[in-house]
Structure formats: structure tokens, C-alpha cells
């Protein structure tokens, strides 16, 4: 491989790949030599995971998390056993990987793939215990508080929408375990922030100053892993935000201890503050004893019942089998221990913080930024040893002035050193700038040539790199125009989406479901009015469908606004011509076509299609259980979908008549809308090639129908041209 970097893979990437290959090879060879240990660990995890799922986990989930209005079903005969094996494999891998890493450590160190860092077993055990404790706390919060409230809300929403919550055992179990794992990982935040701050990889000040970004990231993270209602998202984000605050406090403690522990006598702190520490311990004992004697446990259980949790905390006497008086003493002793530990840590931290402040004040005169070094205070050797940042921030005039002052002071060697270092540093900077510019030009040329090759497949004439550059400029100009109107466009989209989703969420979906089922012939809907179908196989399936429908309808409603605002930019680029006021007529045409097509599909087409599909199944005395995704999408495509299909030729005729897009342009660039139809269908339909084709093919056919109508009206473009053509 060439070392010049002109090959397909640069040397640094090749070295990284080679290092990864060596690491993987060492681990595989280690697994071969220690295969018995790794295999035993894997088998123990596999069997343990399967038995735990079979004997404990599923019964526990069903008793604690499954609400009365929901059921769990198996879609295929292999769902249960395959789910057990999948969880067992995951547990086996989790048990085998630590054993493999333990045996692979020495070979990796010998080959200098990882550094030889000796860590005491006590420190390792402490870190492991902290990780397990934090993960357990996160899972406990999710299991005892978050999950009961969330599943009760999701099942209530499905029943309120006229749906039957019959969760697939695979989807339900994976949903619970995935959310529990996400809470366990999120609970590691204090340890991760403290480790990064202590090691200096990410300073504590960065975590402290960028807390706003962390809060936004937490809510964005929660939007993916929790249902879309505000209450559940707040329930998800609130503990994580408090956890981030705790992480900042822990990071501040460990950083302060690192900076000031050498100047603090911990034993001296306890000797000085022993009376206060002991007093806090006595107060803790009194608080624990009072909580046990005056109904503190009962009050806490009442709070759990109020928030809907089924968990109840037993008293100390019930848990340990002792008399109540002894239980009160034990609870007070536990509170006293916690209070003593907290007080000791607090006073130790205060002493270390004061010592760290004294150290910082003693170093106040030292510059933190290498570029702030005063070169006038250095001698010749100091100038030669100064970091490059001290010269990178200098201008040529400032360097000459520094050298002249050295000459006036009689230090010729220092003056020469200043000029030499200045020339050396700026020569390196200029070389780096040239290399970066060359890399950007090469990347730009690569992108343009690749894009040109791709465009050749969709154009009749050859597309050059200059054409791609022109297209890029035009597209960027159009998007800059839209960006100036982004507030109105996004505001329109959000208003439509929130309005439609709110209507569906607060009873609209049930009204549509009941009204539509009532239109199906009575002889093919024996179970429909009883709420037996559609069903939801996933806890969030109903909400996800409502969000998708809201987004699709809001996008259709926002499209005229986008075209209205983008029209001037398209006209300047010569892509469209005509009167922009036609957009208002087009918006009315879209609403009219959508309404007429939806009415025809809702009243006549969809009920007959549904009755035809279920007739044979009912004649065979089968139970009909459509999932909400398939049933609702079918109804949507047979109602609103027909309205959208009607709008396609209407839009084409109005655009041609208004001079916005001529028939010639539509005919010459027919590939763009056809490919866009397939891309749109892949995004908005369920994950199935069959449903994508069901949506994309009718759209493409209606576009061809619109071209046929325009061809008849214009006699193939020879008569009755667009407004722009007639004006010309």
C-alpha cells in the first residue's frame, strides 16, 4: 500500500484496521486456549437465562406489569421458545465476555495493544459494585414506578380508541427488557461523568457549563424510548435530569478531592468535627425510630398506592421477624449509619474544597492558556522550549517587536530564537492549511463526480461535474429561501399535526373506527362492535399509528405553503413560470379532491373491500383479529389514499394551466415524481415491500393518467399551452 495517502485507504486508517484485526485475533486465540472456561460461562448464562424467563421473569411480568384490560398472546408456535433462547443467548454472552476479556488481558498487554495498567482488585470491585448498584437503582425505578404508570396509560389509550390490547409476547417482553436496559445504562451517568472529569478527558467545567445541552439531549433521548404523551416523557426525563445534577455534584467532589487531597488530613478533619458528625448520627437515629413508630412505612406505601404502583414496602419487624420495638431500633440504627456516612463525607469534602481553593489561589499568576505566555519574561532557552501556541497567536509585527526588545536588552540569542520559532510555527500552520484545502477540494471533486455518475442513470444527456455544481448552487439557493420562511412553514406543520393528533387521541380514532365498522354489512361484522378488533400487538402501536397519520396529513396540508414560499426562488432559477396566485386555487383543489375521494372511499370502496376480505374467514368460523397497523392503514389507503390519488391529476392540470410547471416539463422529467413516490411510500408505510408497492404503484399510475389528460387537452403539447407559454 502506498504511503502517500493517495490510495483508497490512508495509512492511519490501515493501521487502525490492522490493530483491530490483531486485537480480534488475540481474543479468538485466547478463546481457543481457554475455551472450556468461556464455554462454561456461556452455558451457565444460557441455561440460567432460559430457566429464569420460564420460571420467574414471565410470571413476575404478568403479575406486576400486565393491566387487567390487556392480554399477552403468541402469534406463532415458536414465539415462546425462541424468545427464551434469545434471552438465554444474551445472558450467556453477558457471562462469557467478562471471562474472555479476563483471559485475553495478558496476551493483549504482551503485544502492546492495550497499556499495562495495574489496578488493585479492591478498586475494580468498588467500580463493579457501583455499576451494579446504579444499574439496579435504574431498573428498580423503571420497574416499580415507570412501567406500571406507562402500561396503564398505554392500555387505557388503546381501549379508549376502540382497540383490543393483545400484546405479542415477543414484542411485549423485548419492549420491557429494552426499556429496563436503557434505564440501567442511563443510571451509569454519575459514574461516567465522574470518571471523565477525574481523568481529565472531559473537564468538569464542560459538564457544568453545557448543562442546557444535556437537558435537551435527555428529552430527545426520552422521545425515542417513551410514549409521546407529555406526562410519560416528563416521568422519563425528570429522574435523568436529577441524575445529571447528582452526576455534577459527584464529579465536583472527585475533582476537588484530586486537586486538594494532598493538602488535607482526613483524620484531623474527623478529630475537629467529631461532635457534629456524632450529632448528625443521633438525629438520623431519631428520624429512623420515629419513622418506624409513627407510621412512616405506611405513609410511604400510601404514596405508592396513590401513584398507581403495586409495590409495597414491608416494615422491619415483618421483614426480619422481630418484635416492633426491635424493628424500630434497627430502622433507627440504619438511618444513623447513613447519616454518619453522609456527615463524614460532607465535612471531608468541605475541607478538601477549601484546600483546593488555596492551591488555585497560589497558582493564580500562572497562565492557563499556552498562548498567553509572556515571551518578554523568558530567556533564549525558554523561548526555544515554549509551546507552539505562544507563537501561533502572534502576528509578524508583534514577533518583530519582541525581537527588537530583546536586541535592545542585549540578548541577541533570544531575538534570533523568537524569529526562528515564529517562522517555524507559521510555516507549519501554512502547510496544514494548504493540505486541508487540498483535501476539501479532492473531497468536493469526488462528491461531484460520484453525483454526476448517479445522475447519468436518470437523465437522457450526459451529466458533468459542472452541472452538479450548478445543481448544488440552485438547490442551496432554494433551501436558503425556505429557511427564511421556516418559522411559518414549521408552525403550519406543527399546528396541523398537533390538531390532528389531538383529535385522534381524544376520541376521534374511536369515532372513526365505530362509524366505519357500522358501514360494513352486518353479516360480516359479528365481533367488531364488541371491541375485539383491531388489536395492538405492541404497547405503543396505537400511538405510533396516530402519530404517523398526523404527520402524513400535516405534510399534505403544509405542501401548498411550502410551494407558495419556494415559488419565487424556483422562478428565479427558471424552473417554474406563471402566476403564484394559482397556488391558492391549487390548495382549494387539493382540499376538494381529498374530501371527494375520501368520501367515496370511506362510504363505498373500503367497506366493500373489508367485507370481501373477511367473508371467507367468517364462513370458516375463524376469529378475526386484525392488527391496528394493517387494518387502519388499509382503511386509510382506501379512503384518504383515494383522495390523494385524485389530487395528483388535479394538481398537474392546475400547475399547467397556471403556468407553474408546463406539460412538457412534467413529461420530460417524469422520473423524478415516480422515484419520489417510491421513496415516500417506503417512509410512510409499514416495513413491507408489498405495502410499499401498493402505495407507490397507484401514485405512479395516477401521474401517468395526469400526463395522459394533459396530452389530450394540449394535443401532445401542440395546443393550449400554459400561461407562460401563451404570454411568450
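Using N, Cα and C of the backbone, Cβ positions are placed for all residues, glycine too.
Just so it is clear, the model here is predicted, and its values are computed rather than measured.
Record features (TrEMBL):
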TRANSMEM  38-58  transmembrane segment
TRANSMEM  78-101  transmembrane segment
TRANSMEM  122-144  transmembrane segment
TRANSMEM  175-199  transmembrane segment
TRANSMEM  211-228  transmembrane segment
TRANSMEM  234-255  transmembrane segment
TRANSMEM  328-352  transmembrane segment
TRANSMEM  486-506  transmembrane segment
TRANSMEM  582-602  transmembrane segment
TRANSMEM  622-648  transmembrane segment
TRANSMEM  669-686  transmembrane segment
TRANSMEM  692-716  transmembrane segment
Inset, instruction - Report, as numbers and ranges, every residue of the chain located at least six residues beyond the transmembrane segment (669-686) whose Cβ falls under 8 Å of a Cβ in that stretch; write 'none' if there are none. - result: 458, 548, 551-552, 629-630, 633, 692-696, 699-700, 703-704, 707
Legend entry - Positions on the same chain near the transmembrane segment (78-101), where near means CB under 8 A and six or more residues out: 27, 30-31, 34, 37-39, 41-50, 52-54, 57, 168-170, 173-174, 177
Inset, instruction - State the residues, same chain only, that lie 6 or more residues beyond the ends of the transmembrane segment (622-648) and have a CB under 8 A from a CB inside it; answer 'none' if no residue qualifies. - result: 163-164, 166, 516, 527-528, 532-537, 541-542, 545, 549, 553, 556, 589-590, 593-598, 600-602, 605-606, 609-610, 614, 685-686, 691, 694-695, 698-699, 702-703, 705-706
